[in-house]
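Engineer: Please see the structure below; I have some questions.
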């Protein structure tokens, strides 16, 4: 390895310390995504203690999700400028402090700041750099490494949900938040595991060397010293090149297909977060016990992993590969359909199938988001497009839970909230399906015209005459 470093870097290890990176990323996903999901278990406790309505209490979960998504680029920036290790350690410290301070809160507004903003900011600094480190350490076995690392969200939810409920019962919600703050401080340990490495130039820089755009070309020199004019010209060329590359990188934003996809994702994000926030409060409202209500969230989390893996595997089969977009629409539509039926489920036995089905289809469509996006923008722009896609989730994550809470406050029932979630998800699926049908009809019409030579010759005569 020392000889490799002298040559300018090393190859991705694809093992060795890389598995410690995977373990660290696994714990990061447990401490960020799973803990965020378990905040809904505190919903009723916050509401009763502060005597606030559903809409006001829902802002806590909204702020955590929104801050995590909005500040993710900040985590990437710190990871690139300093190191992923520094970003994750700093994020672990901030999120732990946020949870500990939340245990001493005296008002709901104080929780907005500590649990919503501060903890969400810490999660944002941890999540993106930890995932990026897995991609640096693995090349050949990258899919396996990511599969293990990302499974922490579902496994963590399955384990933490009943544990958090037990902590609330034994130590109250304040004690539970204090213990969670101590648990989340393990993010600092995970950050310490993220040992930086320098890859070989061709591995670290995926962009090809292109002489036409002067990438990697030395400026003109006189006696091996760059002239002032050459340096100035080089800086000007570099500035224009960076501007051009930035425009090219986000050129997909002008694509009609991507705009339709973005609208679909906005509807999707508006509906998918509501069941995670209101499933436990709804179960308690219909008479389900606290432990059973927490178990519903556990079921949803572990089935989420099964859906992610199995649906991704199924759509990779040769017979379904060309129908992956349809499979994505089906998964989103079925998830919405599950939400429309939940107001009819009033017992724990009936709510278990909902958790199973909703969790499965939730994991299914999440696995296909990169695939659907890649089919629209291509692999060249996939990284930038996914950044935009996940950024689009921020606003719906922020406003949809309070809107759902306002509906509960106004109507006195959870039915409109789950109907809002269901119709938003179904609308997301129908939007893509409608566009796909229109495109299919246009292709058939174009093919029929091309196959009819008499009609083509007739149009060639008529069109010039009319013009």
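Cβ atoms are placed via backbone N, Cα and C, with glycine included.
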Engineer: Choose the correct range: of 226-245, 326-345, which one does TrEMBL annotate as transmembrane segment? Give that range.
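Structural biologist: Based on what TrEMBL states, transmembrane segment spans 326-345.
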Engineer: Do at least three CB pairs under 8 A connect the transmembrane segment (174-194) and the transmembrane segment (86-104), leaving out pairs fewer than 6 apart in sequence?
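Structural biologist: Checked: the transmembrane segment (86-104) vs the transmembrane segment (174-194), in contact.
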Engineer: Flag the pair the transmembrane segment (419-438) / the transmembrane segment (20-44) as in contact if three or more Cβ pairs fall under 8 Å (sequence separation 6 or more).
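Structural biologist: Taking Cβ pairs at least 6 residues apart, the transmembrane segment (20-44) and the transmembrane segment (419-438) are not in contact, as fewer than 3 fall under 8 Å.
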Engineer: Taking the transmembrane segment (174-194) as the reference, which of 110-137, 144-168, 258-280, 326-345, 351-372 gives the largest number of Cβ pairs under 8 angstroms?
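Structural biologist: The stretch with the most close Cβ contacts to the transmembrane segment (174-194) is 110-137.
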Engineer: With Cβ-Cβ distances below 8 Å as the criterion, list the same-chain residues six or more beyond the ends of the transmembrane segment (110-137) that contact it, or say none.
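Structural biologist: For the transmembrane segment (110-137), the list is 12-14, 17-18, 21-22, 24-25, 28-29, 31-33, 35-36, 39, 46, 59-60, 62-76, 78-79, 84, 87-88, 90-99, 101-102, 145-146, 149-150, 177, 184, 187, 190-191, 194, 197, 199.
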